[in-house]
Amino acid sequence: MLQSLAGSSCVRLVEQHRSAWCFALLVLGYLLYLVFGAVVFSSVELPYEDLLRQELGKLKQRFLEEHACLSEQQLEQFLVRVLEASNYGVSVLSNASGNWNWDFTSSLFFASTVLSTTGYGHTVPLSDGGKAFCIIYSVIGIPFTLLFLTAVVQRIIVYVTRRPVLYFHIHWGFSKQVVAIIHAMVLGFITVSCFFLIPAAIFSVLEDDWNFLESFYFCFISLSTIGLGDYVPGEGYNQKFRELYKIGITCYLLMGLIAMLVVLETFCELHELKKFRKLFYVKKDKEEDQVHIMEHDQLSFSSISDQAASMKDDQKANEPFVNSQSPTSNDSSLNN
């Protein structure tokens, strides 16, 4: 008996604080996922880093042996300067001297990566004025970009998601939830094909050093706004039609970002995901709900009364030729 009472009390306690327990599990799961990613990346990449360090050490030692007139300190100074320039997108290699990082098309590409928060990092402002302008430009431009993307996605999703789902639900009689799930999967497949698979195949052809996996990796890193910067198109030696290529990549990134947001919004509108998200939200108090309901009712009643009054005024305005009889005339007609 006591065990049953204790079990029922525990169940009641869990039900009362269900949202808090779910949130705690969500935080724990996220931390474990971070640790899992760190362990996998460390175990996979650390051996390659060690091999690269050993190779660079051997090359440096061999270079110093072949050039005895050059001291190690002088070589270190030269390499430090080269690496600093490389971090700013400037290379000392002869085959990269023809590519300018701040012509109009490259600057347009840089501006798009800044506003979309992709930020590849292959090109950064060199001057203090450029850095200051980048701060001001981003402070204004990033919220402006979010507003622009929200407005565009809100209009696209009406024609791409909501109307097709309602059409099949009303005219074909299918369940709305089933239609929404199938539609989201089809839309996701089309988006992956048009903005990941096909562009990856195109990039693998246009970029000499990229295979299909590296091209697909670039598409995903870019459209997810991660922007690691290890792969940037249009930076190869003697790139054909480089200006036009950069403009095309800018358009691709903008359209792909919009498509990704449309797909994410479509999946977020699924009934099952809405129920799942509510597990982690804080429930509103009943008093707050009642206050919101009262405010809503007051607004609705006042709006109805205002609409009724305006309708009466419109009717009076639309009937200007109706003769209104005075009370005296009514009385005289009755006496007659």
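The chain as shown is numbered from 1 upward.
From the backbone N, Cα and C atoms, a Cβ is placed for every residue, glycine too.
Residues or ranges marked as compositional bias 'Polar residues' in TrEMBL: 321-336. Annotation source TrEMBL lists domain 'Potassium channel' at 94-156, 192-268. Feature annotation from TrEMBL assigns N-linked glycosylation site to Asn95. For 306-336, the entry in TrEMBL reads region 'Disordered'. Look at TrEMBL and you will find 21-44, 135-157, 178-203, 215-232, 244-264 tagged as transmembrane segment.
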CB contact flag for the transmembrane segment (244-264) and the transmembrane segment (21-44), at least three pairs under 8 A: no
DSSP helix/strand/coil residue counts for the domain 'Potassium channel' (192-268): 54 helix, 0 strand, 23 coil
